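*Asks:* A single structure is presented below for examination.
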Amino acid sequence: MTIHYPNGNPYKDGTQFSSQAISRPTIYGGRGMTLEEELNISNQYYRSIDKAVVYKKPTPVQIVKVDYPKRSQAVIREAYFKTPSTTDYNGVYRGFYLDFEAKETKNKASFPLKNFHQHQIEHFRRCLKQSGICFVVIRFATLKRLFVFPAGRLIDCWDRQPDGGRKSIPLKDIVTNGFELHPQLQPVIPFLDGVDWLIETKVGNVRG
């Protein structure tokens, strides 16, 4: 099935392979899973112990071509995303609304702002105005380092670009203004540790 973005470009989710077997490279921690897969597993764990309710957002799709090889079966051949996606995940934790994006890079010294889109930045702005807890889970794959980075800081970096600001966020700034995560067995990515830090910073609550 071919799925297209609103601008007509074909969508590639990394799950379509040639007939030859292709092994997925180990991106981080020797597990061979993508950042998104690890976050999905972590969210399942958090839900199983009733600690947080967080899900990956579904993306609306408009079906434009369907084949019926059998009367009782339908095969979708072509579809389009109805609207640009906002962010990857949202949910509730400790009474706070969470909204966040997951990004990774092979760069060692900085994180490129081109990995974000204007509509995602505007979505973060709107959520922050409603007192949401908004952030990005950033992975430096080559360095094997993982951070929770506040959306407010991301927006500041984004807004400085037209005035000659950097096109990337230096790693040292992410270390200074973010919260470093340390992968473990369960959950794989303990991102709620970073959320606790954001909540403390925002409202002065004591962790736990």
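Each residue, glycine too, has its Cβ placed from N, Cα and C.
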*Asks:* Taking Glu78, Glu101 as the options, which does Swiss-Prot list with Thr86, Asp88, Gln120 at the Mg(2+) site?
*Replies:* Glu101
*Asks:* Could you name the residues, excluding Thr86, Asp88, Glu101, Gln120, of the same chain that surround the Mg(2+) site, i.e. Cβ within 8 Å of the Cβ centre of those residues, in sequence order?
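*Replies:* Same chain, not in Thr86, Asp88, Glu101, Gln120, Cβ within 8 Å: Lys57, Ser85, Thr87, Tyr89, Asp99, Phe100, His123, Phe124.
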*Asks:* Restricting to the same chain and to sequence separations of six or more, state which residues have a Cβ under 8 Å from that of Asp88 (Mg(2+) binding site).
*Replies:* Glu36, Leu39, Lys56, Lys57, Phe100, Glu101, Ala102
